[in-house]
Amino acid sequence: MGDTRVTVIGGGLAGTEAAWQLARAGVAVELVEMKPERRSPAHVLPGLAELVCSNSLRSDNPLNAVGLLHEELRRLGSLVLGCADETRVPAGDALAVDRERFSEAVTARLTDHAAVRIVHRELEELPPPPALAVIATGPLTADALAARLAETTGGRLHFYDAIAPIVAAESIDRSIAYARSRYGKGSGDDYLNLPLDEAQYHAFVEALLQGEKVAAHGFEEPRYFEGCLPIEVMAERGLEVLAHGPLKPVGLEDPRTGRRPHAVVQLRREDVDGTAWNLVGFQTRLTWPEQRRIFRAFLPGLANAEFVRLGQIHRNTFVDAPRVLAPDLSVRAAPHLFLAGQITGVEGYVESAACGLLAARAVLDRLAGRAFRPPPPATALGALHRHLTGEAHPPGYDYQPSNVVFALFPPLTGRHRGKAGRKEAHVERARKELAPWIDTAPPTAVPAAPAAG
């Protein structure tokens, strides 16, 4: 395979994972990333694999669907999971990372790989056939390339994601904030908590509703992903919605009083040293002046908050994957092009990396002249593939982005004791099914990790 060069466009989680999987199988890769020549509105760091929303890759517990996906990716030698483990910061049972060190680690691994050539330029045209290419340009695909992709697929849609603010640690009032992880998970100081009584909470919700928001372009109708809703959009759904959502106080009793607040704002550390903390669930489209005003005035403990980063919104572009893509993630109308990551309609960092891995394996199968061998459907990777092909959805389904969830898995057979029993059955079945699929992988220089448990 060494004489064949594959182009990977996009240096995010999907693109870097695809490039890594191809390179470790002996394929020469040209990884094209538009930074620093051009940056999207949401990108700040100079390196690859920049995390622009949260610094959390979510639950690392395999009894959670995304935690099971973590496990499967580790077993398959994932670059993203390997670097995440190396740069992990305490976050209870979640896999959170120091985002700068994580980006640096991914960048270094690919820069040092002899089979990878990184090119920094913006592409405005899709690569022509017959050479194979992986398009992993993500939710912030530049306009020119997005237009070319729309012409090719006829399937472009977009909605908006929103980014949460980050606060400098020294500006948080520790006489008000208290350290505690929900239900006592983790080391106990993975999160800081800002308690709100009922009056404070209601005043905050009213401020969110009245605050000035960034307007969308007149020709674009915002379509938010339910898993990343702006906090003010949730507030619009009802007075107590936030108190039952990201500000839920359950399991976060104030150790100084022994009482549960009416609502709690959680802050999760951004780095190992805890110099910066992000406001969990506070994705927002409030204007920057309004964010400073509202969060300082209405959130206890943030009266003197210094914001390392303020929230913002950005467009998310994705194709109607079940109709646009073949089962091997190649574009039906242009089979030399493979899509990976959020542009396919997967949602989440880990799902994007997993999609990059799947696209790379599909390319390897194409190069070897064999049919694509999809992951077993009962695995987390297989469930994600079922989402992309539409197999997990009813006929006529209005395709929307999705995280990996057990609802995407094939139904279980037999009887299982409660929700926990069903999760355990899903995990046991997935582990059994993944092993033989791993054995079909092309030879690599990096051994796969053993199964957990």
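Each residue, glycine too, has its Cβ placed from N, Cα and C.
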Swiss-Prot tags one of 76-96, 139-159, 202-222, 433-453 as region 'Disordered' - which one?
433-453
Taking DSSP three-state, what's GLY15 (FAD binding site) in: helix, strand or coil?
helix
Using the recorded FAD site (GLY10, GLY11, GLY12, LEU13, ALA14, GLY15) as reference, state which further residues of the same chain have their Cβ within 8 Å of the centre of those residues' Cβ atoms, listed in sequence order.
VAL8, THR16, GLU17, ALA18, GLU33, LEU48, ALA49, ALA136, THR137, GLY138, ALA340, GLY341, SER352, GLY356
